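Visitor: Would you mind keeping the following structure in view while I ask a few things?
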Amino acid sequence: MGLLRIMMPPKLQLLAVVAFAVAMLFLENQIQKLEESRSKLERAIARHEVREIEQRHTMDGPRQDATLDEEEDMVIIYNRVPKTASTSFTNIAYDLCAKNKYHVLHINTTKNNPVMSLQDQMRFVKNITSWKEMKPGFYHGHVSYLDFAKFGVKKKPIYINVIRDPIERLVSYYYFLRFGDDYRPGLRRRKQGDKKTFDECVAEGGSDCAPEKLWLQIPFFCGHSSECWNVGSRWAMDQAKYNLINEYFLVGVTEELEDFIMLLEAALPRFFRGATELYRTGKKSHLRKTTEKKLPTKQTIAKLQQSDIWKMENEFYEFALEQFQFIRAHAVREKDGDLYILAQNFFYEKIYPKSN
């Protein structure tokens, strides 16, 4: 090679180096393409093997037990917190139930009491788990979280929920009790005739707008323990956080309801197929708005935010929001201002023993 450099003119040497570099780049490119082709082939073989295994299991004959197919045996519980867009979301479930072939049932408790007696807890658990005629089922109602496992149930229902900024939720509830909403405008409300604004209520130290009224989302997630309903309990908040992470399939926020619906449709299409499109383009009959609602002033908000109860409820809300946004970030991608659900991003390979 050294002799060649001596004998070759500089221009030819440069051309030789360039030609060698181009050849190496070409080879690297071809190797990369071969690697990609090999990976695609491995994935295709893996998918084929999975299909063969599934077919073999299908050909083995019907399942020996008499239980329903898993999707047909599914039960969802939406233990809805008042004034979190719960009626708007529930009406989407009602709009889809005939088309998607599932049942929707409202859990109506006496005086809307979110805490059930022990005997009612047992009845409720037995009803939901054994009522096969109502499966697949979507149950909704203003009931605090109930741990099915402690009643000896093997297959627990899927819990979902939506929560809201605690002050916004309280303001909405305050005006709802006085003026109702556009969903049932003729219904007489409990506080109808009271024209006092939320700002005036807070300024006067009224009971309907007291910080204690903020304590609702934490106990709904905490459950049926007495400490859950002890206003300002740190234990209750910690338990609510634990349940949100470990016992709830998905918890959305009112402020991002469409994204919550989109994630449910992607993960649970048996119930929510078509829900996103219905929410975006439907006649909006499912939407519900409190009437005569006036936004609170900055002074009113600042006064409520001085409360330790608000601080805890807000901490729980921020915790739920962060978890929801984490789930969404791993499930969707944004393009041209719109969100798109990601396709399946895993596959199986190296499946043994090999099929004949």
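Keep in mind that glycine also has a Cβ here, set from the backbone N, Cα and C atoms.
What you are looking at is a predicted structure, and each value in this text was computed from that prediction instead of being measured.
Under the heading active site, Swiss-Prot lists HIS140, HIS142. What Swiss-Prot lists as coiled coil is 24-51. Taken from Swiss-Prot, the feature disulfide bond applies to CYS201-CYS209, CYS222-CYS228. Under the heading N-linked glycosylation site, Swiss-Prot lists ASN108, ASN127, citing sequence analysis as support. The annotation topological domain 'Cytoplasmic' is assigned in Swiss-Prot to 1-11 on the grounds of sequence analysis. Summarising the annotation, Swiss-Prot assigns topological domain 'Lumenal' to 29-356 and lists sequence analysis as the type of evidence. Taken from Swiss-Prot, the feature transmembrane segment covers 12-28, and the record attributes it to sequence analysis.
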Visitor: Could you state the CA-to-CA distance between ASN127 (N-linked glycosylation site) and HIS140 (active site) to the nearest Å?
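Guide: Cα-Cα, rounded: 14 Å.
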Visitor: Between the glycosylation sites ASN108, ASN127, whose Cβ has more other Cβ atoms within 10 Å than any of the rest?
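Guide: By the 10 Å Cβ neighbour count, ASN127 comes out on top.
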Visitor: Taking 10 A as the limit, how many CB atoms besides its own sit near the CB of CYS228 (disulfide bond)?
Guide: 24
Visitor: How big is the Cα-to-Cα gap, in Å, between CYS201 (disulfide bond) and CYS228 (disulfide bond)?
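Guide: One finds 27 Å between the Cα atoms of these residues.
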Visitor: If you measure CYS209 (disulfide bond) to CYS228 (disulfide bond) at Cα, how many Å is it?
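Guide: Cα-Cα, rounded: 21 Å.
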Visitor: How big is the Cα-to-Cα gap, in Å, between CYS228 (disulfide bond) and ASN108 (N-linked glycosylation site)?
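Guide: Cα-Cα, rounded: 21 Å.
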Visitor: Along the topological domain 'Lumenal' (29-356), what average pLDDT does this model show?
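Guide: Residues in the topological domain 'Lumenal' (29-356) carry a mean pLDDT of 87 in this prediction.
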